[in-house]
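Q: There's a structure below that I have some questions on.
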Amino acid sequence: MKMKNATITVSEFILQCVIESNQKTIMISALAFIYFISMFGNLLVILVIILDPQLHAPMYIYIGTLAVIDLANGAILIPKMLSVLLLSSSVVPYAACVLQIFLLLHVEEMESLLLTLMAFDRYIAVVYPLQYPLVITNKKVVISLLVLNIFAICFKLHIPILASELSFCNTNILPFCFCDYTTLVHVSCTDDPKYLIPMITGAVVYAVSPLVLILLSYSRIAIEALRVTSAGGKSKLFSTCVTHLLVVGLFYLPLTLFYILPGAGVTITKETYNVIFILGNAVPSMMNPIIYSFRNQEINKRIHTLFIRRRSTPIRRK
């Protein structure tokens, strides 16, 4: 860092994951466990969907894409957080920090948009079952995912530019386990609100609006489920709702606290801030494949067929 007038030129940041020393060992063990289960579970879901032609259907393309996003999320975050916790601090080049911010925002936005598409898929399947094969096709699903991916990238291309414009007066130390754009702005000596507007806009576009659409979709599905006369059909519809809402809740609740509380002026400790972020990003990546493996009968059955039955098949002797 070089002194220049009242500001300093920053070429790197120091990440200091502020967590109480007696909790670090627990957090390191928990993150390592989460990372292993997340990688194994998501790879297993992707493998099963790819290998089984019967799962080459819209909903399973969505589930496979969610597993890919969870793999990326874990790879972007958990190894770096583990290194910071093990070393007590970690030096990150400016460009690498900005890249992590961009990638993290991208996977969060894509998961939010994907959950919205999945809710729309279930809405059409339940409310308009006869039109479903025409409205939702594999080709349309792939195209929609590509379009949303491109849109999400273009929407935040300005983030690296804004991050490069920030000037720093006192420190280049970030008190968290990761690089976060809002934290960069707060640590900098730049008071211009234009640097926080993108995060507020992004929260509305990629968090609030999708969540409203998701809740509306599942409310309509729940109403339709109540009209079903057969107990089996009603149970199946509610089971579908519960599965997806569990995934939605795991994704939105911690991140909502992570982004909304500081913006609303609620004071929380840095330790709590770190724990909320870790839970909001690491735990869903682990839980999503577990939820779909146990609650989705088709995936559960394919996993059973792929592994358990093969192991239990007796070897024929000549």
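Cβ atoms here come from the backbone N, Cα and C positions, even for glycine.
Copied straight from TrEMBL:
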- 30-51: transmembrane segment (TRANSMEM)
- 41-292: domain 'G-protein coupled receptors family 1 profile' (DOMAIN)
- 57-78: transmembrane segment (TRANSMEM)
- 85-107: transmembrane segment (TRANSMEM)
- 113-130: transmembrane segment (TRANSMEM)
- 142-163: transmembrane segment (TRANSMEM)
- 195-216: transmembrane segment (TRANSMEM)
- 237-261: transmembrane segment (TRANSMEM)
- 273-294: transmembrane segment (TRANSMEM)
Q: Which range out of 113-130, 142-163, 273-294 gives the transmembrane segment (30-51) the most CB pairs under 8 Å?
A: 273-294
Q: Any contact between the transmembrane segment (85-107) and the transmembrane segment (113-130)? By contact I mean 3+ C-beta pairs closer than 8 Å, pairs at least 6 apart along the chain.
A: no
Q: So if I exclude everything within five residues of the ends of the transmembrane segment (273-294), which remaining residues of that chain have a CB under 8 angstroms from its CBs? That is, six or more out.
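A: Result: 17-19, 27, 31, 34-35, 37-38, 41-42, 44-45, 63, 66-67, 70-71, 73-74, 77-78, 81, 104, 108, 176-178, 180, 243, 246-247, 250-251, 253-255, 257-258, 262, 300, 303.
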Q: With contact taken as 3 or more Cβ pairs under 8 angstroms (pairs 6 or more apart in sequence), are the transmembrane segment (237-261) and the transmembrane segment (142-163) in contact?
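A: Result for the transmembrane segment (237-261) with the transmembrane segment (142-163) is no.
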Q: Looking only at residues six or more beyond either end of the transmembrane segment (195-216), which have a C-beta under 8 A from one in the stretch?
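A: For the transmembrane segment (195-216), the far contacts come to 105, 108-109, 112-113, 115-116, 119-120, 152, 155-156, 158-159, 162, 165-166, 181-182, 185, 188, 248, 252, 255-256, 259-260, 263.
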Q: Where else in the chain does the transmembrane segment (142-163) make close Cβ contacts, counting only residues six or more beyond its ends and a cut-off under 8 Å?
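A: For the transmembrane segment (142-163), the nonlocal Cβ contacts are 61, 65, 98, 101-102, 105-106, 109-110, 113-114, 117, 181, 184, 194-195, 198, 202, 205-206.
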Q: For the transmembrane segment (113-130), find every same-chain residue at least 6 residues outside the stretch whose CB is under 8 Å from a CB in it, and list them.
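A: Those are 58-59, 62-63, 65-66, 69, 136, 141, 144-145, 148, 152, 206, 210, 213-214, 217-218, 220-221, 224-225, 237, 240-241, 244, 247-248, 251, in sequence order.
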